[in-house]
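> What Swiss-Prot shows for this protein is this:
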| type | residues | note |
| --- | --- | --- |
| BINDING | D19, H20, G21, K22, S23, T24, N136, K137, I138, D139 | GTP binding site |
| DOMAIN | 7-189 | domain 'tr-type G' |
Amino acid sequence: MHCHNLNNIRNFSIIAHIDHGKSTLADRLLELTNTVAARDMQEQLLDDMDLERERGITIKAHPVTMYYKGNDGQTYQINLIDTPGHVDFTYEVSRSLAACEGAILVVDAGQGVQAQSLANVHLALERNLEIVPVINKIDLPAADVEGVRKQIEDVIGLDASDAIGCSAKSGLGVKDVLERILTAVPPPQEPKDNLLRALVFDSHYDVYRGVMVYIRVMSGEIKRGSLIKMMATNKNFEVLEVGMFTPKEKPVEQLRPGEVGYMIANIKTPSDVKIGDTITLQKYPAPEALPGFKIISPVVFAGIYPIDATEFEGLRDALGKLQLNDSALHIEQESSTALGFGFRCGFLGLLHLEIVFERIQREFNIDIISTAPSVIYRFTLDDGVVKTVDNPAHYPDPTFIRMVEEPWVKCHIMIPSEYLGAIMNLGMDKRGVCTKTETMDARRLLLTYRLPLNEIITDFNDKLKSITKGYGSFDYEFDCYEPSEIIKLEIRVNEEPVDAFSCLVHRTKAESKGRAICAKLVEVIPMQLFKVPIQAAIGGKVVARETIRAITKNVTAKCYGGDISRKRKLWEKQKKGKKRMKEIGKVNIPQSAFMEVLKAGD
């Protein structure tokens, strides 16, 4: 059923906020086009990972090719490129959108437009995609279809007068969505020449066949035996197989302009394939690559250590396997005096970090412990050298620092209007600046904030959700680096610095953070036979201190009455013993203490 007429091809993706019904709508489209037999159907069919099904989110971009006979009697090839909806995966979304000519915007009739769908719609509009608004879950009691129509028009600026109402769960109105795709989404453009240009929008590692590259052919054709070249990495390969997703892989003779599918070329190293790269032929290369390619760099860093030191090799293998399918994950080996050997990992954002942690524990059964997440700070030293630091252990000598800069982000926050005061307080507490407040409708506001990235990577989302009873949403994009007073807060246990507890903080928050950590450690470190001071210090100055009391032993218990000097002698002896013990004694910090300190937060 491999028809090739450019006018009969439609490439589109679905944009939606988490839980607005994107994967369910994809399921209904697969059913309606008979792409998947009814017996093979399961919920969220395109979300392969258990984690995706459980969290109800899409992490990888999954394409699928469907064939559909329209009301005009013609058969169309419809390619759906499913995109991740979360802010951490914005670059993956932008590459998936670059492979499309149109996008369906799915909005929940009960919740209305949310921050992350707004961000992705802007990405689609920048690419000049045709956007088809669809209002989902119209059969819910809380559905307000007219209100949501007005919101789409006011907030996003799209004409929603003919937005389709549907219920992806029951299948109501889904046929109308398919017909609208045929009429509203334009077919792929005629290529200007026959040179091969194929956009890489995702890849997947297969243990037996190497890297499977997901591509959209823009011009030319790619078939088995083609000798190809990756334009960004300059690597050459021979194509062993090309095919389409229906939604399982199905080999085909060739992929032609406008088509979406996969390519296998015996690529053994995943880093040879970059998302956003252009594939061309070695013999007749395209003069220029497709626009928009950029190398993604991690934003948030954290140390990962195995709780059981013998599992270090297992952790190395686990991270290596995850990196095969997740090119944005950055890994370096490091060691800590408190935690032993582990890895310093870089992530695109906090959700990305959580997903990696959860996959290590779930898929590889390794219990891990992580240090507090950190961002990249820029230090300008007296000799003009600029140093980037993401780990408190690499903090430069304070006497040589001329200037410190930290990353700031631009943040869009959507909230019900009654929570404005509480969110403003949260913004102030996080050192944020509100630059704009817009009214979306009678009940909701859109706030634009500038915030330091360091302040939002730990608990900003949790606090936003708890203040707004779950109705607030936010997304952010990198803005710029700005000078800031970032200092190293050192935590000492029994006068010894413990690197795993130390962190980089803003000067205004150092004291309160130090107090919180010290108070937490007093609760979780067990009593010793001698007094243990716990201190938070900046440079040489102690800003917070707590003391773990010593276990007291009654050395005079065996003295019945008698002379006081006898008791004094025993007390003095005990005092000397404790002093000596304090000098040579080591404090064992239990593993749970590290977990608790991470939760100590602000």
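Each Cβ is built from the backbone N, Cα and C atoms, and glycine gets one as well.
Tell me about the setting of these features in this model.
Counting every protein chain shown, the number of other Cβ atoms lying within 10 Å of the Cβ of I138 (GTP binding site) is 20. Classification of I138 (GTP binding site) by DSSP places it in coil, neither helical nor stranded.
In the predicted model, the domain 'tr-type G' (7-189) has a mean pLDDT of 76.
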> If you draw a 10 Å sphere around the Cβ of N136 (GTP binding site), how many other Cβ atoms fall inside it, taking every protein chain shown into account?
29
> To see if you understand the setup: which same-chain residues, six or more apart in sequence, place their Cβ under 8 Å from that of G21 (GTP binding site)?
V106, D108, N136, K137, A168, K169
